[in-house]
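A.B. asks: For reference, the structure I am asking about is given below.
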Amino acid sequence: MTWADEVLAGHPFVVAHRGASAARPEHTLAAYDLALKEGADGVECDVRLTRDGHLVCVHDRRLDRTSTGAGLVSTMTLAQLRELEYGAWHDSWRPDGSHGDTSLLTLDALVSLVLDWHRPVKIFVETKHPVRYGSLVENKLLALLHRFGIAAPASADRSRAVVMSFSAAAVWRIRRAAPLLPTVLLGKTPRYLTSSAATAVGATAVGPSLPALKEYPQLVDRSAAQGRAVYCWNVDEYEDIDFCREVGVAWIGTHHPGRTKAWLEDGRANGTTR
């Protein structure tokens, strides 16, 4: 089913933002495993490069907020990062490990989990910029996707991977090197996402924050007229889920994939948009 088909059905896809990150520590195997079990249609992650060139799933430049360590991700090796714990800060964490695996998650491990799942799931990978290693991030990402056989899909609609960034240059690098990979240009203002930026870099979708989309809901129709879908992120409240469905958002990024999926399914079963 294409993005357009899903929108016409009145039922956006649900993307687990950093996994089921309300219930489990973000960017951990525990969070993604729960998201998949809850029926997420896609999972989202942020990636950063380690000092020795490995892609790891960490949002912040620094380790302080989500790990037992401190300092910059980019200055540490994979081995050093693996010595840290990434779940102790979260309310769900238990000393006996019953909360699930909250060790460092590499992109390799996450892609393996998604591709081995018993149903098709997309993985949305966000590259962070500006960073120490610049375009090497996209080069490493494309090499990894090629290794898994998902960098050159038969069509954008059938792609198992989607690459996103707030950096227009990063989106352009992906489009130039892998033209069939879907890409999302992220932004926090409707002015930016309705400018020529998305067209200039060939983005197949735009990704407004929820406040940006609420400020200018016409962004969905304007994007559709240009052949682009809309991915809206941090959509957690029921009224906001309904809003996204009503304006035609294709993908909803949420910290609560299970309840979001259930809310959408219930609305479709009842033939309502609430």
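All residue numbers here begin at 1 and follow the chain in the order shown.
From the backbone N, Cα and C atoms, a Cβ is placed for every residue, glycine too.
Values in this document were obtained by computation on a predicted structure and should not be read as measured data.
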A.B. asks: Since Swiss-Prot lists Glu44, Asp46 for Ca(2+), which candidate among Glu83, Glu85, Glu126 does it give for that site as well?
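C.D. replies: According to Swiss-Prot, the candidate sharing the Ca(2+) site with Glu44, Asp46 is Glu126.
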A.B. asks: CB neighbours of His17 (active site, proton acceptor) within 10 A?
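C.D. replies: The answer is 29 other Cβ atoms.
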A.B. asks: Apart from Glu44, Asp46, Glu126, which residues in this chain have a Cβ no more than 8 Å from the mean position of the Cβ atoms of those residues at the Ca(2+) site?
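C.D. replies: So the additional residues around the site are His17, Arg18, Cys45, Val47, His59, Phe124, Val125, Met164.
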A.B. asks: Using a 10 Å cut-off on CB atoms, tell me which of the binding-site residues Glu44, Asp46 is the least crowded.
C.D. replies: Asp46
A.B. asks: Around His59 (active site, proton donor), how many other CB atoms lie within 10 A of its CB?
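C.D. replies: That number is 17.
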